[in-house]
């Protein structure tokens, strides 16, 4: 076929495609160049002058027993005392972490409740998992909780994570359908959907600053994205992990994020410098990371691993401070309490532990 | 033609994304890390898991003493 027989519109499209591909290449190399220009120091070298964290006095304090299968997610109540947990057994349990008493238990019509989150008021919980839905329960009596539940949103695959971004009125979810979504609780309306990942979204976290319009997501496409909640656009993207990103968390300063991955490393990405600034890994650590969280100042990074341990990392020096032993199976979730006094860890050994 | 226009559309999304990322303001690693270290220093005293409690009595999760004074 001679060139003259190719329809004009097709030739036009090919030209456009070629020019878009070229622009993408140029932008990528420009981005890399800019980031490299600003890479003037190494964080762990700068941190050398800081005193080493020789010792932390963190002990196992409570064991919460009651689930009949793997604990998949936990969340601290804003009252700094209660914990909600969700499990493979299809149950939600609300615990008094001071006394270890179970205050409420709700059985859902699904197994694998992969996510649960307290509303800012502490009066509602959102949860979901293999049912692809995000469901809201008011925290009242057990009977009333089951009767007054409300389905807010539905994904086309499992819901892996959920969070209340600003008020009890909205819920942000992440899903195995590769998207995140912002829902209006009252109407169940989809307010914004977030497309960009090319793999299952495993985790989301909200930026700690006042405006509350920025969140981060981690995905099986090995990327972490920073999103603008209003526009629905990706603002920044971070790569480096060699496998699924299972967990993402904002540094309390609001300008960095930590990630935990199946590649057995955690990483710190600085948003102002727009690049990776630390890798938390050791040759002896060969198991995946399921969950990460920062201490209140952001100096310590807690990470839960598939080898049943929790590792404490010095965020600035990239050194391991110590290990927390206790769980008898994979550690699926770790979370520092809102006032920074305690760490909760959930595990496939059916228990939740509180360390302080 | 449909395949072509949909892949064109996809590529436009990729380029728009890269344009936005290229346009953001950046700082040097040294500047940004200095700010992070300043934040950490300012909040050191509130970080009980790092620096501990001034007294175990204020730790809400400590084991209550098993003996009581009569």
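Glycine too: its Cβ is placed from the backbone N, Cα and C atoms.
Under the heading coiled coil, TrEMBL lists A:10-44.
Per TrEMBL, the feature repeat 'WD' maps to A:64-105 (among others). If one looks beyond the repeat 'WD' (A:64-105) by at least 6 residues along the same chain, the residues whose Cβ comes under 8 Å of a Cβ in the stretch are 111-118, 120-122, 125, 127, 129, 137, 139, 141-142, 145, 161, 329, 332-333, 335, 337-339, 341-342, 344, 346-348, 350-354.
If you look at the repeat 'WD' (A:152-193), the same-chain residues 6 or more away from its ends with a CB under 8 A from one of its CBs are 73, 112, 114-121, 123-124, 126-136, 199-206, 212, 215, 217, 219, 221, 227, 229-230, 232. TrEMBL lists A:152-193 (among others) with the feature repeat 'WD'.
For A:194-237 (among others), the entry in TrEMBL reads repeat 'WD'. Beyond its flanks by at least six residues, the repeat 'WD' (A:194-237) meets 157, 160-163, 165-166, 172-182, 243-250, 252, 254, 257, 259, 261, 269, 271, 274 of its own chain at Cβ-Cβ distances under 8 Å.
Here TrEMBL flags A:238-279 (among others) as repeat 'WD'. Remote same-chain residues near the repeat 'WD' (A:238-279) are listed as 34-35, 38-39, 43-44, 199-200, 202-209, 216-220, 222-226, 285-294, 296-298, 301, 303-305, 313, 315, 318 (criterion: CB distance under 8 Å, separation of at least six residues from the stretch ends).
Applying DSSP to the repeat 'WD' (A:289-314) sorts its residues as follows: 0 helix, 17 strand, 9 coil. For A:289-314 (among others), the entry in TrEMBL reads repeat 'WD'.
Look at TrEMBL and you will find A:324-356 (among others) tagged as repeat 'WD'. With a threshold of 8 Å between CB atoms, the same-chain residues lying at least 6 positions outside the repeat 'WD' (A:324-356) that come near it are 58-65, 67-76, 78, 80, 83, 85, 87, 95, 97, 290-296, 302-306, 308-312.
Helix first, then strand, then coil: DSSP counts for the repeat 'WD' (A:194-237) stand at 0 helix, 22 strand, 22 coil. Residue counts for the repeat 'WD' (A:64-105) under DSSP, split into helix (H, G, I), strand (E, B) and coil, are 0 helix, 24 strand, 18 coil.
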